[in-house]
Structures are given as structure tokens and as C-alpha cells.
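Colleague: Structure below; questions to follow.
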Amino acid sequence: MITGGRRGFNARGPPRSGSPGLGARPKVQSDIPLRMLVPTQFVGAIIGKEGATIRNITKQTHSKIDIHRKENAGAAEKPITIHSTPDGCSNACKTIMDIMQKEALDTKFTEEIPLKILAHNSFVGRLIGKEGRNLKKIEQETGTKITISPLQDLTLYNPERTITVKGSIEACAKAEEEVMKKIRESYESDMAAMNLQSNLIPGLNLNALGLFPTTAPGMGPSMSSITPPGAHGGSSSFGVSETLLQICAYSVYIQQGHPESETVHLFIPALAVGAIIGKQGQHIKQLSHFAGASIKIAPAEGMDAKQRMVIIVGPPEAQFKAQCRIFGKLKEENFFGPKEEVKLEAHIKVPAFAAGRVIGKGGKTVNELQNLTCAEVVVPRDQTPDENDQVIVKISGHFFACQLAQRKIQEILAQVRRQQQQQQQQQLKPTSGPQAPMPRRK
């Protein structure tokens, strides 16, 4: 299995040098390409002399096939990405398996050649199903044995799990259809949920999410192929997989002018400080560079402190990226259980005079905010404003809930500031002086 950096399953764009031929584009194309791993020694047979074999496959299956043979030099396996309709992907997959089987016989290769499908980890939990029921059903119906690579193999640059299917070529082909059907259903479900929620974060550009294949050509490899760590299955309060919400860190906020810098205090388990800092501070430096934010960890408040405060300073996009990576890192390093969502507390400071606006009359605004975001939002009543006449608003919840609450509170503060400016402008307007005397009539 490939353990180094590989393109995400959504990587698209011009074919690489390892893709000698392309067939006609299908009229109806699946949003999710089929990604599979093949032994490196069979890549030549799949391509064929002067690319004749791969051209024939693309023509017959009406697909676009990228063979990423230049990736991971020396690796035992190479990824292949197939873009087509579900039927086109399945036909191309079966043809490739047939070619590998024939090549194995010709070269007296005696080892079993299983089908290996690559799938983004955010879909794997739903493929497995509760207590493994979905996967067991596919195995029983197709007569195959299916295993999935462990979570420990996930890295920052490898968000995919390897689904290994063992059985006859016909059985593996049937299993591929069922596996990809589940993955496509998960993708469509997430897309629908995200579209419903896209209006909740002003300026959130869904077309810039690295997960969605149609955006990759306009994005550099740093955007299209990197996905946050901690990609574990499970659903959030919004009904969207936790990882999909984390992938939002790669979205781009549409900012007007120069967005103001914000300061957020994020509280993490004290034991996780080392993981966030990294060896010789490398991880926190890389995180700061990636997010475009200043990130510092405050000293412990006492010997027995169970939490440490991470101070993040930067504009909204930087906050989004930095906090996402921190949530993901905590999940990746197992500071939260496999079925447990990462929930953290964040503090933001607001002007004392604006705290009432966040709370609302009778707590109406803060209650609406909690219902909308699924985060717990608290403005402690008995606070003494600091030297800057500011008070703390506490936000607790999973990543997306925290982000949404922060954005909504910043909207309230922006509205308060606009009203203040309007009042100041009204006060600065010159008042009309005494009326000039009317000229006398002769």
C-alpha cells in the first residue's frame, strides 16, 4: 500500500505523462472518480505499447484515466484515477483487472492480485455501516473478502483508506459496484447537506472545497490534494461527516477589502501541547505558515492545569484553517476516542457595551445562536471588563459549530460598529446656524 504523499481522490486536470491516451468524455459523469491501486509491475501492461492498451480502454468505457506512475518513486503500487459514469468506471476497472490477470499468467506471477480501491476516509465509516453491517452484506452478496486499511495509515497528505477486495475477477467487479455505490451515496448526502448550510457562513465558497472534483484545475496542488488530518468517520450535529466539515478549512472566504485580524483563545488538553508544538516546534511553525496566523501556546496556569490556551491571531480565513488543523491533530493523535467528536472551548473578547447585543433581550439572541450553530455560547454575567473594557464570550462545540458561532458573533460586532460609526457621523454633522435676516423691501 502507498504510504507516501499521493494526490487526493479528487485530483483532476490535465493528464499526466503516465496517461498516454484519453477517450471521449461521457455525457453524464459521476462526481466521484474511481481510485484504485495497482502493482507497479503491471502499469506497463495497462498502458500498452505506445499507449495503445490504455487508449482502447478509455475508448471502450468512455472514460478518462490517469495513471500516476511518476508518483512515489520506488513504491510497490501506483494509483489510477478513472473519471466516467458509474458503469464506465466499473467497466474500466474490470478491464484493468483482466489485463493484470493476463500479465500475471504471462510473467508467472503467482501472488494473488486483489482489487484495491482508494476512498476518502470521510466516507469509509458509512461504507462499513453500524457494526460492519454494510460491508458484511457486500461480502455475502458478492462472495468476496473485504478489508480496510487502518486509521493509523492516514497522514496529512494521505486522506484515503485502501479497501482491499479478494475474490474472482467477476466477484471483485460486483463488489466494486456496491462499494462505490455506497461512497457515491455518502458524497451526494454530504453535498446536499453542505449546500443547505452554505448560507450559514457568509462568503464560504463551496466551489473552493478541496473535496469537490470540479474545482481542482483552478487550485494548486496545495489546495486540491491536501486534506486535514484526523479524518475520522461519524456524523456531526449537522448531519454531515466530521471530516467533510474539517475539509472546509480549505475553503476560501470571499473578503471585501482587508479583513480585520481577530484573536481567539482555543483551549486544548494539556497533554496535547507536545503534539501541537511538534518536534523542535516544527508542527506549530508549519501550522502558522499554512494558516497565515500567529499561533502561540500560553504558559500553564498551574502545575495541575488540565487545559492549555492556544492564542490564535489572524483574519477569518486564517482562524478557520488554524483551528481546523488543531481539531484534526487532536483527533489524529487519539486525544479523543474513535467515535468521539473533538469538542473544544474557544474564547473571544467583545467590547463590554456590545455583550448585551450578543445576549439579546431575555437571552433571545444567544439562544438563537446556540440553536443555529449547535455550539454552547455563554457570556458570563459577573465579569469585570479588562483594561480594554472587553469581556469574554465562551464558545464550546465541534469544529464547525465553533466556527459558525464565531462568525455569527463577529457579524453582531460588525453591526454594532457600523451603528456606532453612523452615530458618530451624525454627531459630527455641522448644525445649521441662525437664519440670515430677510432683505428689507424698499
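Backbone N, Cα and C atoms are what each Cβ position is placed from, and that goes for glycine too.
Automatic prediction, not curation, is the source of TrEMBL annotations.
What TrEMBL lists as compositional bias 'Low complexity' is 11-26. Per TrEMBL, domain 'K Homology' is recorded for 30-101, 111-184, 260-331, 342-414. According to TrEMBL, the feature region 'Disordered' maps to 1-26, 420-442.
Structural setting of the listed features?
Modeller: Helix, strand and coil counts from DSSP across the domain 'K Homology' (111-184) read 40 helix, 19 strand, 15 coil.
Taken as a whole, the domain 'K Homology' (260-331) shows an average pLDDT of 91 in this prediction.
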Colleague: So how many of the residues in the domain 'K Homology' (260-331) end up helix, strand or coil by DSSP?
Modeller: 37 helix, 20 strand, 15 coil
Colleague: Between the stretches 30-101, 111-184, 342-414, which wins on the count of C-beta pairs under 8 angstroms to the domain 'K Homology' (260-331)?
Modeller: 342-414
Colleague: Run through the domain 'K Homology' (342-414) and tell me, per DSSP, how many residues are helix, strand and coil.
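Modeller: Final tally across the stretch: 37 helix, 19 strand, 17 coil.
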